[in-house]
Amino acid sequence: MTQTIKKNERYTVDIIDLSYEGLGVAKIDGYPLFIENALPGEQVEILVVKAGNKFGYGKVENWLTTSPDRQEITSNVLLRTGIAPLAHLSYDQQLVFKQKQVEHVLAKIAKMPEVTVQPTIGMEEPTGYRNKAQIPVRRVEGELVTGFYKKNSHDLVEIEDFFIQDPQIDQAIIKVRDILQRFQVRGYNEEKNEGQIRHIIVRRGHYTHQMMVVLVTRKEKFFKAKEIAEAIHEALPEVVSVIQNINEEKTNVILGEKEKVLFGQSYIEDQLLGKTYRISSKSFYQVNTLQTEVLYQKAIEFAELKNDDVVIDAYSGIGTIGLSIADQVASVYGMEIVPAAIEDAQFNALTNKIENAHYEVGKAETVMKKWQEKGIKPTVLVVDPPRKGLDARFIDSAIEMAPERIVYISCNPATFARDVKLFAEDGYKLEKVQPVDLFPQTHHVECVGLLRKG
Ligand code: SAH
């Protein structure tokens, strides 16, 4: 069939599905259209805003019917910026949507339609949960503006209430922006790669309330930097660390290599499952503290720990998973690619008086191979990789090492399904899968699975 749908045409369509990104899906003679703010079961009048060869995008102009699963949104920018692309769907249905995503990939990619996926564990209060924000700063008509980009663009929309962030962080961003304005710091101009302040990053410990402010600047020379940092501390007494990160490049990557402490320490602390952790600016830390505790508890339950277990905590970050279980097992080995995170993990082991945890910097696939050659024999392997999942070489080494149980924590169901299929081909059985909602109001899906050696 030749495609006849064109940009700027209007249609009335029925929404038949929700894409994995949370867009409504409609079909006209088999041609799929993806539509923001449209839910399955709704009939809508749309304007075609983009029409490619295989699919297009539409914009709702009028709802003829609305779904009973629709909920009020505080602002349309939540959808338009992609901050909270599911904010218009009731929270119960968001949880069902995530469970279905995992079921779908397990059937399609892993070819395991028989595996039961538990209902997603959600939050009681599914807003204001993020403990970290990375906010772009621009100069508009002489004023500094903070907000977020419209999806697939670099148009900044001014936002003060980010809905899913700790409200104290929202407040901090406004205060920091106003201080920068007062000191006449120039906002970054992306096109010209001019100006100074690019991003404001704020992290706040969920339990400790310690705050870190990172000012990402284009130039190392930062006029009145110390006074600005002092002013930030004065306006925000929770701040224990102000850092300047320098990023001179014309790039989408937020952080540069070089950093300077402008005020206080180079880290904040927080707690997880009763243990204390130091978190440096460049270290990964899960953004939803309460749900991370729920996720880790599930992972620990799945691991069926015994006191003679040897555990590998792969992709360890600052050591939070391994150190949570170290006192229940014989030993823990962790590895991670970011040197600052491994320094934090070693420090965290000391702080929590843990002596049986060993950490190494490096790529998981390289370190795993080395440990395999050294003869380390884990009984339990915990993996928590980034979105791209496990490297095939990592899986090969893991299979050689033959742990009895593998607990796989994943932030991307598609690569999770791909990887569990590879483990299954070598005799591991996927026994249980539990999605935990770490990212309410967004389309991001987190799950934990248990693989057992047959
Ligand atoms: N388990 C930790 C971190 C999980 S996030 C926690 O729960 O907090 C994934 C981590 O993998 C990040 O810290 C990232 O820096 C690290 N990472 C990314 N690619 C890696 C690789 N190839 N080898 C080792 N670590 C990697």
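Keep in mind that glycine also has a Cβ here, set from the backbone N, Cα and C atoms.
Secondary structure of the domain 'TRAM' (4-62) per DSSP, as helix, strand and coil residue counts: 0 helix, 33 strand, 26 coil. According to TrEMBL, the feature domain 'TRAM' maps to 4-62.
The S-adenosyl-L-methionine binding site annotation in TrEMBL covers Gln286, Tyr315, Glu336, Asp384. The 10 Å shell around the Cβ of Tyr315 (S-adenosyl-L-methionine binding site) contains 20 further Cβ atoms across the protein chains shown. In the three-state DSSP scheme, Tyr315 (S-adenosyl-L-methionine binding site) is classed as coil.
Cys411 (active site): 18 other CB atoms within 10 A of its CB, across all protein chains. According to TrEMBL, the active site annotation covers Cys411.
Summarising the annotation, TrEMBL assigns active site, nucleophile to Cys411.
Separation of the C-alpha atoms of Gln286 (S-adenosyl-L-methionine binding site) and Cys411 (active site): 11 Å, rounded to the nearest whole number.
The Cβ of Asp384 (S-adenosyl-L-methionine binding site) lies under 8 Å from the Cβ of Asp313, Ala314, Tyr315, Ser316, Gly317, Ile321, Ile409, Ser410, each on the same chain and at least six residues away in sequence. Along the domain 'TRAM' (4-62), the predicted structure has mean pLDDT 97.
Taking Cβ-Cβ distances under 8 Å and a sequence separation of 6 or more, the neighbours of Glu336 (S-adenosyl-L-methionine binding site) in its chain are Tyr315, Ser316, Gly317, Ile342, Ala345, Tyr359, Val361, Ala364. The DSSP secondary structure for Gln286 (S-adenosyl-L-methionine binding site) is coil.
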